[in-house]
Structures are given as structure tokens and as C-alpha cells.
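Structure first, commentary second.
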């Protein structure tokens, strides 16, 4: 079991590392490529577009050919794309590399969740996904610090050499440590009507959890995207103050994420999901009424706590019905989360909504819609039946 957890954690970490590692070098990258920082900020959206593109195909391929091949190919693509970024001499080539980085990270991300669905029951999966969320929160703290230390002595290209090395390490783990977890496919005659209905992507319960997780990811990505404007322009923080504040909020996320597995032993998953959305709603109201930096920071802290306590539980519930189509389900969740959050951020920018109002709007909208879905759509009885994997591959 430890090998599956190790490999899943490593596969997931490529995604946030690809976002956060290079940001500290953005001014120098822009200068060397004769591009403005504003032009290169589109690299974030390009990276997410690459992830979404990979997710369109990775899940189905993982269900048909296995988790291991997709993980290996994803790591190789991430490694080679990182090298392409390091060799870029102009903006378009750099953005192409960022897109391919997203493709590699997206494939690995999908496989990681499919592996956890294959190997863990619902109760353990919810705990592990909460821990995974906590570990993921470490990356936004450590990656900029690591990037800063690297750039004290080396050029910005070294940031992408580091990411390339990460891709190599994940590829080696996938090749030599990871075992195939894809369950053996049942013949059509062996699939009962209830099984087919439960593993349908238009299943009412799955759609509700897809909506909840997509809205939750939209909240946290809106926070990350808006945080430089909120903290440095609106609140007047220096770059150092901004880094410290983001480190503290990430610390809150880690503490709550690592505490959630213990909370699951005391409370029902639905209770934690309601607490999560309650924290989002409280954060939205707090930010809308805030007149001091202290109150605003308290509201931002509630966002991190709310996401950490509920996201892993909701993801576990969403994957629960899928024993044979975990890859496709994981892809669908990833695509919805990436595209949904990107659409909201893009739409808010087009409409000229301020960073604060953008954040308040998604917080209140997410909490109201999610609370209604949690109360109105309960887990199907058949979900528990599909927690068991019919046949486990030993390859």
C-alpha cells in the first residue's frame, strides 16, 4: 500500500510544482525573452489548458491500457517540456513548453486519483485525499523559496532543470515502484444494469459532487490568482510581506488537512462538507464587510481552512461509484475543475470585476449552491456496492 501512496503523492505534486516553481523568476524570464511580465502571466492559463487537454484523453486511456503507462508517459512529457522551456529564446516557444508541461502534469494528476480509487475504500480514501491536499499545500510555500535559493546562484533556466529532474524522478517511481492497479474489465454480460447506471457520468450523485468540487477549486484558484493584487496593491503589503502571508495561509491549509482524517473518525463526511461550505460563506461575508487588513486576513484564512476540510471528502465521494471507470471519472473531475475555475477568472476579468469582488462572488455562490446540493443529493445506496474492485490486476 505504501508504494501506491508514495507514487500517487509524487504524481500529484507535478501539478502545483509546475505552477509555483517558476513564478519567482518571472521578471528575469520576461527580460531575457523580450516580453512583458503581463504577457508571460498568460503562461498560467496556458499551463491549465495543457492540463485540461491531457485530461480529455488520459482517463480513458488509463482505463483501457492501465495507470502505469499513462503515469510514465506523463512524467516524460513533463520532463521534456521543462527542458523546452529552459531552452526558449522567445515568448511563443516558452508558452509552448508551458502547454506541454500542463499536458504531462494533467496525465499524472488523473492517474494519481485513479490509483487511490483502485486501492482504497471510501473511508480510507477520504482520509488519504485530505492528507494529499495537505502535502499539496506545502508546494506553494516551498517552491518559491526553493526557486529563490536556486536563482541566488544560477540563471532562471535552472528552475526548469529542477522541474525536469522532478519529472525524471516521478518517471522512475512510476517505472520501478508503481504496480498496475487497473481492475480487470468485466464482459458486458457480467455487468448488471445497476452497475452501469452507478458508473454513468450523468449519475445525479456524481454530477452534484462534480459541481461541488469544481466550485471549491474555483474558490481556491481565484484566491491564488487574486492574492497578489489584494495583498500588495489593495492592502499595501511588500513582496516579503506577501510571501510571509501566503506561507501562513498555506500553513493553515496544512494543519486543517492533516487534522481532517482525525475529524472523519468523529464526524460524518456530510458534516465536514457542510462545515467547509459554511467557512466559505463566512469568509465571503467577512471579506465583504472588512474595513481593516486584520479582518481581511481572517477572511482569507477561512478560505484556506474551508477548502482543506471539505475538498478531499467531496472528491472521495465523487469517485466512489466508479470501480471500473475511475480514470474517466478522475479526468471528468479534473477537466471540470480546471475549465470551470479558468472560465470564472476569465469572465470576471472580462467584466472588469475587482479582485476582491471576484473572490467574494465565488465564495458566496459556491457555498449556497454546494449546501443546497449536499442537502438535496445524498449518496446512492449502490455506491457502497461499487467500492469493491471486481478483479485486481497483479501486473
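Every residue, even glycine, has its Cβ placed from backbone N, Cα and C.
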Please indicate whether the topological domain of residue 320 in Swiss-Prot carries the same name as that of residue 379, placing both on the same side of the membrane. yes
Per Swiss-Prot record, range annotated transmembrane segment [choices 190-210, 358-378]: 358-378
Which one of these stretches, 131-151, 158-178, 217-237, 295-315, 333-353, has the most C-beta pairs shorter than 8 Å to the transmembrane segment (69-89)? 158-178
So what's the average pLDDT for the topological domain 'Periplasmic' (354-357)? 92
One stretch in 42-62, 93-113, 217-237, 333-353, 358-378 has more Cβ pairs under 8 Å to the transmembrane segment (295-315) than the rest, namely 217-237
